[in-house]
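Reviewing the structure listed below.
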Amino acid sequence: MQFHERFDVIVVGGGHAGTEAALASARMGSKTLLLTHNIDTLGQMSCNPAIGGIGKGHLVKEIDALGGAMAVATDFAGIQFRTLNSSKGPAVRATRAQADRALYRHKIQEILQHQTNLRIFQQAVDDLVVENNKVIGVVTQMGLAFEAPAVVLTAGTFLGGKIHIGLENYSGGRAGDPPSIALAHRLRELPIRVGRLKTGTPPRIDANTIDFSLMTEQKGDNPLPVMSFIGDVNDHPEQVSCYITHTNERTHDIIRGGLDRSPMYSGIIEGIGPRYCPSIEDKINRFADKTSHQIFIEPEGLNTTEIYPNGISTSLPFDVQLNLVRSIKGMENAEIMRPGYAIEYDYFDPRDLKNSLETKAISGLFFAGQINGTTGYEEAGAQGLLAGMNASLQVQGKEAWAPRRDQAYLGVLVDDLSTLGTKEPYRMFTSRAEYRLLLREDNADLRLTEKGRELGLVDDKRWALFSEKMESIETELQRLRGQWIHPNSPLVEALNPNLNTPITREATFEDLLRRPEMDYPKLMSIDGFGPGLEDQRAAEQVQIQVKYSGYIQRQQGEIDKAIRHETTLLPLDLDYQEVPGLSNEVIAKMNEHKPETIGQASRISGMTPAAISILLVHLKKRGLLRKSA
């Protein structure tokens, strides 16, 4: 049965990747359909009730800078906000919010339902319709066919999903939801490499059975951070505390005693789990010398007693889960409301994707989120936005776009995946970015919002606020650079007590701000130097740009040198056997990875500078030197 309307873009899946993909495509004017197996679970936080953190918070800010929904929803749902690494430099500072699951889901659904050009339909997808290596639509569980020249697949952990608790297992996409078995079989027919990964979640605890007085309270920051560049602290709901406790040697003995019934250690689970979010049984095994592990006791919302014990993800049998929970300080009488479990699922090798997240094998088919081997809401949301945007661009006959590694963490994420691939769930860290001084949370809008506006992702309200902020920053920087003070100035009397050494020669206000002992609020509070900017985010930007200007210029110089050939395109039909001077090893690597650019080729493990030079000479001789947009 054919659906009565045709769409430009179809998005399959309504998690963090799917919602951002659908919203991005619709914002850009494409007639978009979001297909989900359950409208009520759109925007569901399937695992931990938190958004942001080191590396992840940077991605959220970038999604926001491009007009996405994640940061806005977090501001309306966040019940505790903290700035991590606040004592360190701005490059590694990151915002993290504890979120109320219900409020977050509600806000995402509200944004989806009010988005023009977006239709939502509840049906699981069982089949892709492909003709001549080009996608032309999908078919749902009940045989309803939808047509579109671009399809974005964001199936999360649902493809061939299998849930494990102890030695018992059953098919599922997550607890309470069915898996996508038919679609998984269909995708395995495509010429795209497939593998299995695993992730897990801890048991949920009833707060009424926890003794919080035996734990360490962890309050949020004051003043409260905001996640979105257009957000306000007044958007935040009531704020609550988290708590910290620890496992102990008794806990570890209980876990060791249950390993013979662990699906991970009995060989039942074959998928590789996340290195940076291991199960508690994996921690005990890998770090056998540690006598305790930290656990964060996180509320799941304001109107629920469910607690998420972050740090004890497990797939051990229920009786072992209960015993290990009750061995932990403050949880001696705890009751489990939902058992922890592990889930195995299909993922597809992201090296088979272009950096637009379109599959190389099937034109018009895009993958985003855990299907590409990543883990985390933020990584999924960022990919979803990029895939939805590029699906829309393709339908409009425009060239695909993806940020470079020096432009965004999203650029690092996509380049890592499409160039290097992954054999374990990929998680973003600031350490993955070589140009992290330029890729800060605070300047994500300065880096990306103008491009987002050009692409049609950024609405008038966000653009007006951004333009006002940019003008404020530029005007204030010009003022600081243009105003001078000399040793005999009447302003010196008020200034010198705030300096480590009095000024002895003429200096601009910018020179004063560059001093280690001076910051922008202090300088503006001194008579004759203020009043300065009222907008705290603009003021922060002024301070960072002044204090780090030398380092920023140096890093920009490195980038300018590095990107000289970064975007030089490698023709898809280039026969590497015909390139004189390439070793058989390099030819094999190029044929396996199929890089789109010289930059991607240079990051393939084992690729030599000599091989890159040979490729460039060959392209030049053949008149094939072209750069991507």
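Every residue, even glycine, has its Cβ placed from backbone N, Cα and C.
Here's what Swiss-Prot has on this protein:
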type    : residues                                                         : note
BINDING : Gly13, Gly14, Gly15, His16, Ala17, Gly18, Val125, Ser180, Gln370 : FAD binding site
BINDING : 273-287                                                          : NAD(+) binding site
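Structure coloured by features recorded in Swiss-Prot.
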residue: Gly13; record: FAD binding site; Cβ within 10 Å: 33
residue: Ala17; record: FAD binding site; Cβ within 10 Å: 34
residue: Val125; record: FAD binding site; Cβ within 10 Å: 24
residue: Gly273; record: NAD(+) binding site; Cβ within 10 Å: 21
residue: Arg275; record: NAD(+) binding site; Cβ within 10 Å: 13
residue: Cys277; record: NAD(+) binding site; Cβ within 10 Å: 19
residue: Ser279; record: NAD(+) binding site; Cβ within 10 Å: 25
residue: Glu281; record: NAD(+) binding site; Cβ within 10 Å: 26
residue: Asn285; record: NAD(+) binding site; Cβ within 10 Å: 17
residue: Gln370; record: FAD binding site; Cβ within 10 Å: 30
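Residues Gly13, Gly14, Gly15, His16, Ala17, Gly18, Val125, Ser180, Gln370, recorded as contacting FAD, have a largest CA-CA distance of 18 Å. For Ala17 (FAD binding site), the spatially nearest entry among the binding-site residues Gly273, Glu281, Lys283 is Gly273, judged by CA separation. Annotated pair Phe287 (NAD(+) binding site) and Gly15 (FAD binding site), C-alpha to C-alpha distance, rounded: 33 Å. A C-beta separation below 8 Å, combined with a sequence spacing of at least six in one chain, links Lys283 (NAD(+) binding site) to Lys290, His293.
Around Gly15 (FAD binding site), the same-chain residues at least 6 positions away in sequence with a Cβ under 8 Å from its Cβ are Gly43, Gln44, Ser46, Thr154, Gly156, Gly369, Ala380. For Gly273 (NAD(+) binding site) paired with Gln370 (FAD binding site), the C-alpha to C-alpha distance reads 12 Å. If you compare Cα positions, Asn285 (NAD(+) binding site) sits closest to Gln370 out of the binding-site residues Gly13, Val125, Gln370. Phe287 (NAD(+) binding site) has a Cβ environment of 12 other Cβ atoms inside 10 Å. In the three-state DSSP scheme, Val125 (FAD binding site) is classed as strand.
A separation of roughly 31 Å, to the nearest angstrom, links the Cα atoms of Arg275 (NAD(+) binding site) and Val125 (FAD binding site). Secondary structure from DSSP puts Gly273 (NAD(+) binding site) in coil.
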